[in-house]
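Asks: My questions all concern the structure below.
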Amino acid sequence: MAVSAVPHPSKQAQASEEGINQEKCINEEYKIWKKNSPFLYDLIITRALEWPCMSLQWYPEQQIFAEHGYTEQKMFLGVRADVGKYLLAVASIQLPYLNQTVPPTTMEGASAGDESSLRVNISNLYSHPESVCSAKLMPQDDSCVATVGNYHNDVLVFDKESFESYSSASESPLKPKYRLTKHTQPCTSVCWNFLSKGTLVSGSQDATLSCWDLNAYNESDSASVLKVHISSHEKQVSDVRFHYKHQDLLASVSYDQYLHVHDIRRPDASTKPARSVHAHSGPIHSVAFNPHNDFILATCSTDKTIALWDLRNLNQRLHTLEGHEDIVTKISFSPHEEPILASTSADRRTLVWDLSRIGEDQPAEEAQDGPPELLFMHGGHTSCTIDMDWCPNYNWTMATAAEDNILQIWTPSRSIWGNEQLEEDATAYLS
């Protein structure tokens, strides 16, 4: 019998029909979500970008225009403009001024409803020399950004001079201040140190991590910035994160299903993690430390779950969050509320979890909608969510970007999260 890579015609027809049915289902779900969104959100902004957004991050500062009833926030984006063409962009986003009495606002495209003049504008575009899968602003100096991409092995660092000297009239891309070279395969993630200015870590498909110190840069010796090169994983490193309160601690996760915690002060740091745990039954995609708690971190995986861990005892998982129907791609703790965690997935959903509700009694009819700790489900995207970020200046406000070029900024309704008990129970999940 001949073996063919081409599906049988009947199978092709079946697959085509299934695809059409799935698209219809997605469209129906979106219509239901859009109809109900005024009751679910205090704010929802939808902006169709010209290109897919591969990476997004809010700037920490804001400008307040109280007399006009809005503030202007900025967001840094990494986008794929075309085949072989990549851009970095700055978006200016107007959000309702918090001291104003602003009704729930739904915005489609670049403008809001009848009363609002709020806008989302792309204010700056910069040609990037390589692909961009992650772009991160330095916490101590947001004019400095580090980027990594799917098709090149280096970490590129751009400073204020890089952006100021850029000419949009020229066909030349941005010139990096530093090109950090060590990895032998494309990088997947990058993270700045929150306490040590100029220190960053990168993870790569070559199964290694590199920790860099830009303060040690020597023009005659480019390798001088490499602080430590870590070879502890067996497969692709998918995410890396520095601890918020300990500058020498960082975590890495990999397709080898392991979570590693590294102390870069150790003499054997280059080959052996300080802590290691087989964390999931499938490749791990993201890791996140809790910025409010020294010991809590989370991981997420292809196995559709999110795992909670305590650094003091990684031998035992604290809890498993189950609610996604596909690969969980990214997780992030709220910068404002200790027990709040958000997760994105290939199932097109962004879930918001309240860890203080773990173990609460739940009526049977509510259990059908998910566990008690599942606080909110954002269903505004019709394709896989690529990236997300909490707004640093607005509590409970997030930005999410999907494969279909849609950028959304949203705040769940206060009726959902405005629970006085939340603050009292902020650390209940640790007990």
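Note that Cβ sites are derived from N, Cα and C of the backbone, with glycine treated the same way.
The following feature annotations were taken from Swiss-Prot:
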type   : residues : note
REPEAT : 127-159  : repeat 'WD 1'
REPEAT : 182-213  : repeat 'WD 2'
REPEAT : 232-263  : repeat 'WD 3'
REPEAT : 279-310  : repeat 'WD 4'
REPEAT : 323-354  : repeat 'WD 5'
REPEAT : 380-411  : repeat 'WD 6'
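Give me the structural setting of these features: burial, nearby parts and distances.
Replies: A Cβ distance under 8 Å defines the sequence-distant neighbours of the repeat 'WD 1' (127-159), meaning residues of its chain 6+ beyond its ends; these are 54-55, 57, 59-61, 76-80, 85-88, 166, 168, 171-181, 183-194, 197-198, 200, 202, 204, 206, 210, 212, 214.
Secondary structure of the repeat 'WD 2' (182-213) per DSSP (helix as H, G, I; strand as E, B; remaining residues coil): 0 helix, 17 strand, 15 coil.
Sequence-distant contacts of the repeat 'WD 3' (232-263) (same chain, at least 6 residues past either end, Cβ-Cβ under 8 Å): 188-196, 199, 201-209, 211, 269, 271-289, 291, 294, 297, 299, 301, 309, 311, 314.
Shown for the repeat 'WD 4' (279-310): DSSP residue counts in helix, strand and coil, namely 0 helix, 18 strand, 14 coil.
Among residues of the same chain six or more beyond the repeat 'WD 5' (323-354), those with a C-beta under 8 A of the stretch's C-beta atoms are 26, 285-293, 298-302, 304-306, 370-371, 373-379, 381-390, 392, 395-396, 398, 400, 402, 412, 417, 422, 425-429.
Taken through DSSP, the repeat 'WD 6' (380-411) splits into 0 helix, 17 strand, 15 coil.
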Asks: List, by number or range, the same-chain residues at least 6 past the repeat 'WD 6' (380-411) whose CB is under 8 A from its CB atoms?
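Replies: Same-chain residues near the repeat 'WD 6' (380-411) but 6 or more away: 26-27, 30, 33-34, 37, 41-58, 60, 62, 71, 73, 75, 77, 91, 93, 95, 98, 120, 329-330, 332, 334-337, 342, 344-346, 348-350, 417.
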